[in-house]
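Colleague: Pulled these features from Swiss-Prot for this protein:
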type	residues	note
TRANSMEM	8-28	transmembrane segment
TRANSMEM	38-58	transmembrane segment
DOMAIN	218-245	domain 'PLD phosphodiesterase 1'
ACT_SITE	HIS223	active site
ACT_SITE	LYS225	active site
ACT_SITE	ASP230	active site
DOMAIN	392-419	domain 'PLD phosphodiesterase 2'
ACT_SITE	HIS397	active site
ACT_SITE	LYS399	active site
ACT_SITE	ASP404	active site
Amino acid sequence: MDYHDPYFFGYVLGFIHLLGTGAAIHALLTVRTSQGAIAWAMPLLFIPYFTLLPYLIFGRSSFDAYIKARREANKEMRAAIGSLNWRPWIEEAVAARRSDAYAALRAMPRLGNMPALANNKVRLLINGEETFGAIFQAIREAKQTILIQFFIIHDDNLGRQLQTLLLEKAAQGVAIFVLYDRIGSHALPGAYIDTLRDGGVQIKAFATRGGWLNRFQINFRNHRKIVVVDGLKGYIGGHNVGDEYMGLKPPLAPWRDTHVEVIGPVVACLQESFAEDWFWATRELPPLSLPDEFPEDGVLCQLLTSGPADAQETCSLFFVEAIHAAEERVWITSPYFIPDEAVSAALTLAVLRGVDVRLLLPSRPDHYVVYAASSLYAFDAVRAGVRVFRYEPGFLHQKVVLVDNDITAIGSANLDNRSFRLNFELMLLTVDSDFSSQVEAMLTADFAAAREISLQESHETRRLHQLGMRVARLISPIL
């Protein structure tokens with residue numbers, strides 16, 4: 001081939017445009033939302049030189065082969081777990097159905113893959129010191145099994161504290177299983193992992209597909225955070241394992257996050273969620289433990305698992321259902337705010353019903369493009385009557401929902417497209433007025449440390465900044 005041929009580069013450009021057209025058609029046929037399909041298709045058609053490679057890496061969001069494989073693995077896992085006489089909580093499930101507050105969430109019994117269960121005890125854990133203090137103490141007291149799953153594990157001070165503690169417990173004969181996301185924990189050195197394995201800890205990476213191909217399919221990430229000790233205590237929330245979550249890394253410090261400790265039958269659901277992801281990574285089941293008896297009283301909880309292999313968009317539908325259930329108020333905190341049309345409409349309708357609708361977002365960005373897109377959506381929400389606040393002391397990372405005076409949800413899901421459709425997420429729904437009062441007090445203090453966004457602020461934003469926000473919003477469906 002004559003590279004000096006004057007037509008050579010024309011052929012190359014034509015071939016790239018042909019590939020871009022094919023990729024655009026693929027996006028239109030496979031991307032799960034119309035906004036996402038358009039956000040991919042337009043640049044693939046007009047500027048394929050810059051978008052073909054990102055589409056290969058971040059696109060292909062239907063990922064049919066993976067979704068099919070994941071669903072098959074889930075069926076295998078449930079068949080294997082069926083022989084264990086699992087879920088012996090008939091009384092707890094019957095009691096849960098008698099809750100008037102839970103009845104307001106009419107879609108939840110069928111939306112959630114796990115049942116709502118009564119007789120749980122929950123404890124609110126505010127920020128990193130309280131959260132990891134409780135988790136580490138529970139690990140120290142472990143006698144049989146420890147299940148740990150995080151999106152991010154860092155080899156820093158907090159990560160090494162966890163490593164040391166797990167090695168001590170493994171030496172005592174405790175069975176330990178650790179699952180981390182390969183993308184979220186990409187910086188975790190092999191030496192950290194090898195040290196745990198050599199010490200008797202079973203540790204695996206969660207990846208959407210084995211081998212080198214996983215490097216090019218990084219959209220699906222396991223964002224869940226789970227710790228279960230001896231089948232008795234469970235922990236779920238927004239923290240990962242890293243010094244930043246302890247508020248030790250400026251400029252995002254102090255870090256604001258929330259976790260929950262739970263004791264009771266819903267801990268079995270946490271184990272089942274962990275087992276599902278562990279089975280995907282290993283094709284083996286971890287040991288699952290049930291206490292001889294559950295507490296005789298306590299609160300109603302339901303674990304909501306969601307992910308890209310679901311038959312429906314579970315996470316987005318959960319937020320829509322929670323917002324629609326609100327009669328007096330719905331307060332939501334999230335580090336990112338990139339809602340889909342259904343969630344935006346639900347927020348607007350809640351305002352029109354006279355509901356006190358509030359959003360608490362960070363005032364400091366950890367991802368500038370996402371922050372810019374979130375800012376424009378925040379201005380739209382303010383124009384719709386939603387009260388939007390920016391938390392000022394540090395970075396806000398907690399994911400909390402408070403509905404009226406009885407319903408709360410705390411976990412890993414953000415109010416954005418990635419959590420709605422791409423990530424594996426986990427939320428703990430709690431129906432109890434006393435616990436809701438604790439969450440209300442926590443959020444009231446957070447709102448007191450925040451600045452409310454005004455309509456005037458949106459008008460005063462510089463045109464160049466507005467342009468940047470609109471470009472960010474244009475690509476927000478694929479962020």
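Positions of Cβ are set from backbone N, Cα and C atoms, glycine also.
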Colleague: Report, as numbers and ranges, every residue of the chain located at least six residues beyond the domain 'PLD phosphodiesterase 1' (218-245) whose Cβ falls under 8 Å of a Cβ in that stretch; write 'none' if there are none.
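Modeller: Residues packing against the domain 'PLD phosphodiesterase 1' (218-245) from afar: 57-61, 63, 66, 125, 128, 131-132, 134-135, 138-139, 141-154, 156-159, 162, 179, 181, 183-184, 206, 208, 252-253, 255, 257-263, 266-268, 270-271, 273-274, 277, 288-291, 303, 305, 307-308, 397-399, 410-413, 418-419, 422-426, 428.
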Colleague: Expressed to the nearest Å, what is the distance separating HIS397 (active site) and HIS223 (active site) at their Cα atoms?
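Modeller: The Cα atom of HIS397 (active site) is 13 Å away from the Cα atom of HIS223 (active site).
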Colleague: What is the nearest of the active-site residues ASP230, LYS399, ASP404 to HIS223 (active site), using the Cα of each?
Modeller: LYS399
Colleague: Could you tell me which three-state DSSP class LYS399 (active site) falls into?
Modeller: coil
Colleague: Could you tell me the C-alpha distance between ASP230 (active site) and LYS399 (active site) in angstrom, no decimals?
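Modeller: ASP230 (active site) to LYS399 (active site), Cα-Cα distance: 26 Å.
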Colleague: If you count Cβ atoms within 10 Å of the Cβ of ASP230 (active site), leaving out that atom itself, what do you get?
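Modeller: Step by step: centre on the Cβ of ASP230 (active site), count other Cβ atoms within 10 Å, giving 17.
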Colleague: May I ask for the distance between LYS225 (active site) and LYS399 (active site), taken between their Cα atoms and rounded to an integer number of Å?
Modeller: 12
Colleague: Under a criterion of Cβ-Cβ distance under 8 Å and sequence separation of at least 6, what residues of the same chain contact LYS399 (active site)?
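Modeller: The answer is GLY237, GLY238, THR258, THR333, SER334, PRO335, ILE410, GLY411, SER412, ALA413, ASN414, LEU415, MET427.
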Colleague: Applying a 10 Å Cβ distance cut-off over all chains shown, what neighbour count does HIS223 (active site) have?
Modeller: 27
